[in-house]
Amino acid sequence: MSNMEHDRWSRVKGRLRSSVGEDVYSSWFARMDLEAVQQESVHLSVPTRFLKSWIQTHYSEKVLTCWQAEMPEVCRIDLTVRSPMRAAVTKEAPAPAEHRRDEHRPAADARSHAAAPAPSNHDALGGSPLDPRLTFASFVVGRSNTLAHAAAKQVAEGRRGDPVMFNPLYIHSGVGLGKTHLLQAVTWAGNSGTERKVLYLTAEKFMYGFVASLKTQTSLAFKEALRGIDVLVIDDLQFLQGKTTQAEFCHTLNALIDAGRQVVVAADRPPADLESLDERVRSRLAGGLVVEMAPLGEELRLGILKSRVVAARTHHASFDVPQSVLEYLARAITHNGRDLEGAINRLLAHSKLNAQPVTLEMAEHEVRDLIRPQEPKRIKIEDIQRVVARQYNVSRSDLLSSRRTANVVRPRQVAMYLAKTLTLRSLPEIGRRFGGRDHTTVLHAVRKIEGLVSKDVTLSDEVESLKRQLQE
């Protein structure tokens, strides 16, 4: 790049920074490079496909305008994903100096230097505690968690330098369905060798570490240590709070993914439903592999119970639970895996303390408070949009579009009404999920349908039919 092109590129970046603001610039444009300038086009590059897609979708006109202020003849911006190898070569350029220093050391000293372990940044960060029981060996696989288990296993078995297949890996489910088990299994497996540095943090631990680094003026060391991790595992992301902390998490996420490092995240809902998180973070998370762990089926619950009995026998060899009792527990305790484990612990305690064998009568008495009423099905806005679109013979994209024809407006209003009555989503969130509409539009739709169903029998029947379909 010539000096003239370098100066011009610096001015364009300055215009872009002023136009979009420092936060947006840092998140999306800080890693954009100038590759070439031709007569009517400019060739730019970014390190990931996600950045390319996001910039092209949201900022292509703005980038072009900033260039045209410098070069009016430019009519096209070409944005490509640069090779990871190029970035690696650039970052490793200072290495020869280190090699030259080693060449002048005595042989014994050089061998000592080569054998020394790498600085343990992940130890210095103080990861969250790990439960030694939560490994892949103790994880019970069933229909509801097969994909999540396979993806987590793929991450855990990766080696430094391998291409990353899906990044970030985002696992979500309700409480007690195995998210933390999988994340800790990834960490145990990843740290079993010395090749990779794998760090497991809860969102609260991440927040605590970042805030503490600000107070002690060690935030730079905190950031550098985090970004030296090969695999970063973050649990309970729904608890990540604070604008500054979220911005730092977003920067860390971008830095690790752009460097080809793996990120694994778990939360209790999909990325789009994390309303407290900045949109940039939600978008970045949604750009990887998003996997839902569904509620445990009866067959899987039975498998979990059997595995817990086997685990209990390692310390209590005579402990036994009849098959009929296990089948009863699998049918009766449907809430989550923690309740299943709690049931086995209660039976073990009662059996040992009272020197009595486990019976069905004992089990019914001991676990009675773990048998909860069946919870209503959790309905998603995407499900509502899909069912409504099918009912009214329109497409889901029609519901999200700006079309105002009668055959689209009424289904859209019905879908918004159902989203408000069947989910816990706020009006602004519902509006955002319907093509970025304002909350007042949603409120108008809800009131409109509420008024009509009390007078229009046909519409009332349609709405009730849709509710039944969604709740089945």
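These residue numbers are counts, starting from 1, taken along the chain as shown.
In case you wondered, yes, glycine gets a Cβ from its N, Cα and C as well.
Here the structure is a predicted model, which means the values were calculated and not measured.
Now, the feature entries from Swiss-Prot:
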REGION    1-73  region 'Domain I, interacts with DnaA modulators'
REGION    73-128  region 'Domain II'
REGION    89-127  region 'Disordered'
COMPBIAS  97-112  compositional bias 'Basic and acidic residues'
COMPBIAS  113-124  compositional bias 'Low complexity'
REGION    129-351  region 'Domain III, AAA+ region'
BINDING   Gly176, Gly178, Lys179, Thr180  ATP binding site
REGION    352-472  region 'Domain IV, binds dsDNA'
For the ATP site built from Gly176, Gly178, Lys179, Thr180, further residues of that chain with CB within 8 A of the site's CB center: Ser173, Val175, Leu177, His181, Leu182, Ala266, Met293, Asn336, Gly337
Other CB atoms, at most 10 A from the CB of Lys179 (ATP binding site): 24
Other C-beta atoms that fall within 10 angstroms of the C-beta of Gly176 (ATP binding site): 18
Residues that sit under 8 angstroms from Thr180 (ATP binding site) by C-beta distance, when 6+ apart in the chain: Leu134, Asp235, Ala266
Overall pLDDT for the region 'Domain I, interacts with DnaA modulators' (1-73), taken as the rounded mean: 83
DSSP three-state assignment for Gly176 (ATP binding site): coil
